[in-house]
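Record features (Swiss-Prot):
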type	residues	note
COILED	1-39	coiled coil
TRANSMEM	100-122	transmembrane segment
TRANSMEM	130-150	transmembrane segment
TRANSMEM	157-177	transmembrane segment
TRANSMEM	193-213	transmembrane segment
TRANSMEM	268-288	transmembrane segment
TRANSMEM	300-320	transmembrane segment
Amino acid sequence: MSLQKCQEEWGELEKEFQQLQETHKVYKQKLEELNGLQNLCSSYINKHKRRLTELKGNLHGYKHTSNVEEKELVQQINSTIKERHNAFFDMEAYLPKKNGLYLNLVLGNVNVTLLSNQAKFAYKDEYEKFKLYLTIILLLGAITCRFVLHYRVTDEVFNFLLVWYYCTLTIRESILISNGSRIKGWWVSHHYVSTFLSGVMLTWPDGLMYQIFRNQFLAFSIYQSCVQFLQYYYQSGCLYRLRALGERNHLDLTVEGFQSWMWRGLTFLLPFLFFGHFWQLYNAITLFGLSRHEECKEWQVFVLALTFLLLFLGNFLTTLKVVHTKFQKNKLKKP
């Protein structure tokens, strides 16, 4: 290329750079405007919430009024207040907010709010794919440890993978909750408990107690991964249909349990889930028995027994509550 052409090329680059600077200047101005609007919205929401709380407290005195019209008015206002809080939840999903304790400990005070629906859905979709791929890897790992590689070091690798998997799930779920996902209750706590359980399994030294429980735990892991794969496959299809009908939020997630929206076509999963829950109870009973063994010296045995019992109670009672609530609603619908 001749020097003259290089000079012409440089001249074009200079013009483009000037345009880029102007565009970037406008971008920074818009960003400042956006930050100002975000702060304004957050301020209005907090102020509105405080006033609604005060109003709800004032209305509480009229809860047992004998006047029918006043009673209906109070119920109507309380119902509207509940809807208003749901609207605030949706608004706050697009506004920067302080992270919860867990995210602060893991990530620090970093803004994790995604501003567009496209970005939120892409992150949710990536989370679901992560769960699917790791479920398959964990299934293969459990099968390999159970039937092929009978070494403590391979068990350690498998248990470390479980710890990393559940830790990562808790972080990603916390980010999704900050962005408007309505996953809550036991199905969030469940992963924290599973992280703890996997960590204790990782620290359990090799010995007689470990070898007695090893095959039972690996068989349980194989079954659990198979059920989780089934849940992902059928829940994702069900959620897609419900979102298309406008009956579910675009950030609703697949879970390792049973929720009310799954009654439409997913009740066949219940026997598999209940069998898995009772297997957790069986694990707890086995470990409680091992903890009383005369050769048991490891603290991990009793702690794991309590953790499996906690998982059983949480999973079983939560699933049972969903089933009971559904039957109660069906009874009310009958003439």
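The backbone N, Cα and C atoms fix where each Cβ goes, glycine too.
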Given the transmembrane segment (100-122), which of the listed stretches 130-150, 157-177, 193-213, 300-320 has the most Cβ pairs that are under 8 Å apart from it?
157-177
Counting only residues 6+ away from its ends, which parts of the chain sit with a Cβ under 8 Å from the coiled coil (1-39)?
95-96
So which residues does the transmembrane segment (157-177) touch in its own chain, when a touch means Cβ under 8 Å and the partner is 6 or more beyond its ends?
99-100, 102-103, 106-107, 112, 123-124, 127, 130-131, 134, 137-138, 141-142, 145, 183-184, 188, 191-192, 194-195, 198-199, 201-202, 221, 251, 253
The transmembrane segment (268-288): which same-chain residues, six or more beyond its ends, come within Cβ distance under 8 Å?
213, 216-217, 220, 223-224, 227, 230-231, 234, 257-258, 262, 301-302, 304-306, 308-309, 311-312, 315-316, 319, 323
Given the model, what does the mean pLDDT over the coiled coil (1-39) come out as?
88
